[in-house]
């Protein structure tokens with residue numbers, strides 16, 4: 001019942017603290033009585049540091065994902081002209097994740113020592129610089145020299161991205177401790193926008209101005225964001241923690257979720273070196289239109305992310321089922337991407353785009369329960385609440401995602417070369433569909 005004389009009407013569960021935290025207030029608007037006055041009150045109570053953290057993270061997600069995703073539509077074809085095989089192309093994509101794996105573990109461990117703000121800004125600066133360097137690789141002689149330079153630039157970009165994203169996730173969780181998944185899901189809109197805009201923009205710039213322009217344009221855009229983040233990003237400090245990655249990973253529940261992240265990432269990574277080649281070969285599309293094929297997956301993932309993040313925070317008991325159903329749907333999508341020949345379904349462009357859209361939604365279902373689940377498990381096992389633990393969790397998730405992102409492109413390029421896209425996708429998808437439900441059922445027993 002409303003308090004007598006209370007002009008604001010009913011309040012959300014949790015009182016003023018909940019209302020002061022913007023994501024919690026969003027949940028109240030969506031699941032409560034939805035009053036507009038509540039939204040305005042929330043906007044006024046969003047702290048300055050929280051607002052700046054949101055802006056900084058959004059700029060990183062948008063810029064880095066655009067730079068990351070521009071390779072898909074045209075780089076495999078360019079690399080083939082320079083003498084790289086499909087397997088080598090897959091390794092160029094995959095090495096990014098391998099070095100991000102190692103760097104994420106290191107940066108997560110020493111986040112407090114280095115400083116979250118410095119790690120964030122330095123990572124963004126280096127990433128912008130090496131993106132520009134990637135644009136001049138067409139001037140490098142073909143053969144081993146070109147391949148070696150691709151690996152060198154890609155590895156440097158991976159290390160810089162690992163620094164920025166580990167710091168970003170930790171700062172975000174520090175600023176919004178009660179609504180980690182909701183905020184991350186909402187900010188995935190900007191990651192999704194980067195994935196949506198990157199391939200078509202990269203394909204257009206490549207087709208209109210040549211190989212160099214996509215990398216120079218987006219690299220410069222990322223560098224322009226560095227001074228902004230130097231000025232506005234809060235400088236959180238914390239004492240080093242006494243716990244290690246080893247204690248975190250040896251928890252059965254955490255190890256299980258880490259395996260889940262690995263499998264899902266592998267499915268995503270599989271598409272990087274293979275999908276554009278398959279679309280060009282099967283449907284004879286120009287590079288500018290190939291980028292639009294990636295649009296279906298990225299756009300559906302972007303739109304569904306805030307909802308699944310909110311559900312993960314507000315209904316923790318649903319997290320296991322989001323993982324289960326998300327993984328099963330993902331497995332079915334990969335069987336239909338080709339489609340696999342045993343289904344006797346003709347490969348059509350509209351079917352490929354439709355399956356990609358559904359795959360984006362299922363990915364959102366599976367991704368967002370993982371961070372709050374690992375964080376809750378860490379606190380249950382005695383980890384202190386602070387930036388040190390957040391750095392460990394962020395580093396672990398980035399590292400496990402990187403393992404799959406390495407295996408996916410590397411194995412995908414090899415399988416594409418040996419058995420073709422249809423069968424390669426059929427091998428990749430069911431592995432994810434089997435791992436995630438099995439893991440969720442085992443989690444019940446822990």
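Glycine is no exception: its Cβ is also placed from the backbone N, Cα and C atoms.
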> In TrEMBL, which of 143-167, 418-442 is labelled transmembrane segment?
Replying inline: 143-167
> Counting Cβ pairs under 8 Å to the transmembrane segment (179-201), which of 87-106, 118-137, 143-167, 291-311, 318-337 comes out on top?
Replying inline: 291-311
> Does the chain bring the transmembrane segment (213-233) near the transmembrane segment (318-337), so that three or more CB pairs sit under 8 Å (pairs 6 or more apart in sequence)?
Replying inline: no
> If you count Cβ pairs under 8 Å, which stretch among 143-167, 291-311, 318-337 touches the transmembrane segment (389-408) the most?
Replying inline: 143-167
> So what's near the transmembrane segment (349-368) in sequence-distant terms, Cβ-Cβ under 8 Å and 6+ beyond its ends?
Replying inline: 181, 184-185, 188, 260-261, 264, 268, 279, 283, 293-294, 296-302, 304-305, 307-309, 311-312, 322-323, 325-327, 329-330, 333-334, 336-337, 339, 436
